[in-house]
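Note sheet for the following structure.
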Amino acid sequence: MNNFGRNLALWVIIIVLLLLLFNVFQPGSAQHASQQLAYSDFVSDVNSGHVRSVVVQDHTITGTLTDGTSFDTYAPQDATLIPRLTEKGVEVVAKPIDSDTNPFLRYLINYAPLLLMVGAWIFIMRQMQSGSGRAMGFGKSRARMLTEKQGRVTFDDVAGIDEAKGELQEIVDFLRDPQKFTRLGGKIPKGVLLVGPPGTGKTLLARAIAGEANVPFFTISGSDFVEMFVGVGASRVRDMFEQGKKAAPCIIFIDEIDAVGRHRGAGLGGGNDEREQTLNQMLVEMDGFDSNEGVILIAATNRPDVLDPALLRPGRFDRQVVVPNPDVAGREKILRVHMRKVPLASDVDPKVIARGTPGFSGADLANLVNEAALMAARLGKRTVAMLEFENAKDKVMMGAERRSLVMTDDEKKMTAYHEGGHALVGILTPGSDPVHKATIIPRGRALGMVMSLPEKDRYSESRSWCIGKLTLAMGGRAAEEIIFGPDNVSTGASGDIKMATDVARRMVTEWGMSDKLGMVAYGGNGQEVFLGHSVTQNKNVSEETAREIDNEVRKLIDAAYLRARTLLLEHIDQLHRLGEALLEYETLTGEEIRQVLRGEKITRVVVDDPMPENRRPSVPPSAPTGTLPAPTNGPDVGPAPQPG
C-alpha cells in the first residue's frame, strides 16, 4: 500500500473513533424517551398536582409526573411559574445552560487552539524533513532516480554513434567488474562530459549506460539547482552527492550542465552570484578533500565553450565524448531503429532515405519517421510508403505547404523565373551541389524554393564550392532582372543576399580565401559577450582593414552575380522553358529539370496505393525532396550556408 492509501486508512479510523466517542458522551443517549407536553398542558398538570419534580434549564423544562411519566416542554418568560411550582410542592432543580453539554466537546473546544498549533508544528517539521517537492524543502536535491517503470534503455536502442558508445562501454564494464581495471592500477573516470549538437542522443546515451550497468541512476537538469533563495544551489549539490554516496555505485546525470557550469566572474554586477556558489560547491564535491568513490558523474551540453575550465580539468570531467551528427551509415541505423514499430511498404529503403538526409540529427530522423507515419494515417493507408517519407522531408525541411496563399499571376510568374534562375545556374555551375528539387508552392515563409542535395556527407568546403554557392544564390535576382527589367525586381532575393553576404564575409575573414587580405583571421569576440569569456567587445581590425574587408566581400558577390547573369543570358531559352514548366507543374525534381533543359517532355508515373479512390486527396503529385534547410525570407533560395 502506498503512502496515500495508508494516510487515508488512518484518517478513516480516527473519524470512526471520534463518532463513537461522541455517541457515548451524548447527553440523554441512555435515557428513556420522554413525552413532549405543550406549555398549557404543563401548567394544567401543575395546578392539578400531577407534577412530582422538574429540572429548569433556561427555557427548557424536563420533569416527572406523579405516575412516573417523563416529560419535557419549552417555557416562555413566565415570572409566576417558579412560585406556582413551589406552592404546589413540586421539587424544582435549576441548572446552568451548558451543564449537560457533551464533556468531550467541552474538552475539545477548550484545547482546540493548542491542538491546532501542535498539529501545525508537526506538519511543518515533516515538510522540512521531506523531499524537495514539499514546502520548505528548498535545500533538497531534485535528482530523480530512474526506474524500470520509466522504460529501460540499452545500447541496442542507440544507433549511429558507435564511437561514443565504445568510449562509454568502459564505464559500464567498470561498474559491472571493477577488478578488471583496478588490478592494473587503473581508475575509472570520475566524470564524463557528452558534447554535441542538439538532438544527437546525449541524454539517450546516458539512459543507456544506466540500463546496461544496472545500477541506480539519478537524473537532474542544470536549471534545477539555482532558485530564488541564497544557498539553495550549493545545498542541493551537497544533497545530490549525499544521495549518490548512499546508493554507490551509481550514476548521476546532469542534463544541460551549461546552465550552472558557466565561466565564473562574468557577471556585470558586484553582488553575490548564486550560480557561482553552486558551481564552486560542485567543483569541491567532484574533486575535493572528500572522495566520492563509486559515484560517476555524466553531464551533457551543446555549449562546451562556455563551461568553466576548472570543471573540465582531469579529476572532474576526465573525458569529453563528442556525440556528432551521424554519417550516412549512422543515419541508416537510426532510421531502422525508429522504423521498428512502423508498418512499411515494400518500396521503403532506409539507405536511400539516409543518403538524402545529410546533416540530420537523430532527433530529426525520429521526427521524419513520425511525420511520415502521421501522413499515411491521415490518408487512411495501412502501410507507410516511400512517398510519405519524401513528403515528410519536404515538411520537415521547408515547412508545410501553404496552398491557401493566393498569389497573382504576375507574382507566380516572378517566383517561377526566380526559382528557375536558381536551378539553371546550379546545374551549369561547376563545383555546385546537384539541384534536387525546385518548387513554387509556398512553404513556411518562402514563396518558392530550390534545393541542392550533396552527393555525400561534406565535412569541409572548398573554395570552388563556396564560389558555386555564391553564384547559385545570385541566380534568382539575375533571372528577375533579365526577364522583368531592373525596375521590376522583387524582394524575394532578400534571403539569397543575406546568405551570400554571410558566406562571402566568412571566406574573407575566417577562411583566408581572399587574395588581397591573405590567410589572416579578422573579427572580434562579440559572440562571447555574457558567455563568461568577456563582457566587452573588442575591435581588432583598423578602419582601413575593415574597409578592405567590405570591398573584398562586395567583389566576391559582384563577381558571383556577373557569372550568374552571364550563364542565364547564354541559356535564355532554357530559362524560359524551365519557368514555364514550373508554372505548369509547380514542383519539379532534379531529373525533371534536366528533362526540361534537354527539351524533353515530362513523364510522371502515378503511384498506386491500397487507399480507396474516394479517400485519395486531390493534390498534385509530389517528388522526392532535398535536404538542406531553406531560407526563411522571400521566394526562395538555394541551400543554407554550411558551417565552416
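Don't overthink the numbers, they just go from 1 along the chain as shown.
Glycine too: its Cβ is placed from the backbone N, Cα and C atoms.
For the Zn(2+) site, TrEMBL records His418, His422, and the single candidate of Asp347, Asp496, Asp502 listed with them is Asp496. Local packing around the Cβ, expressed as the count of other Cβ atoms within 10 angstroms, is greatest for His422 among the binding-site residues Lys202, His422.
When other Cβ atoms within 10 Å of the Cβ of Gly201 (ATP binding site) are tallied across all protein chains shown, the result is 26.
Counting other Cβ atoms within 10 Å of each Cβ, the lowest count among the binding-site residues Gly196, Pro197, Pro198, Gly199 belongs to Pro198. Each of Leu194, Ala300, Asn302, Val323, Ser361, Gly362, Ala363 belongs to the same chain as Gly196, Pro197, Pro198, Gly199, Thr200, Gly201, Lys202, Thr203, is absent from that list, and has a C-beta within 8 angstroms of the C-beta centroid marking the ATP site. Between the CA atoms of Asp496 (Zn(2+) binding site) and Glu419 (active site) there is a gap of 11 Å, rounded to the nearest whole number. Local packing around the Cβ, expressed as the count of other Cβ atoms within 10 angstroms, is greatest for Glu419 among the recorded positions Glu419, Asp496. Fewest Cβ neighbours within 10 Å among the binding-site residues Thr200, Thr203: this applies to Thr203. Calculated from their C-alpha atoms, the gap between Gly196 (ATP binding site) and His422 (Zn(2+) binding site) amounts to 33 Å. Helix, strand and coil counts from DSSP across the domain 'AAA+ ATPase' (188-327) read 53 helix, 29 strand, 58 coil.
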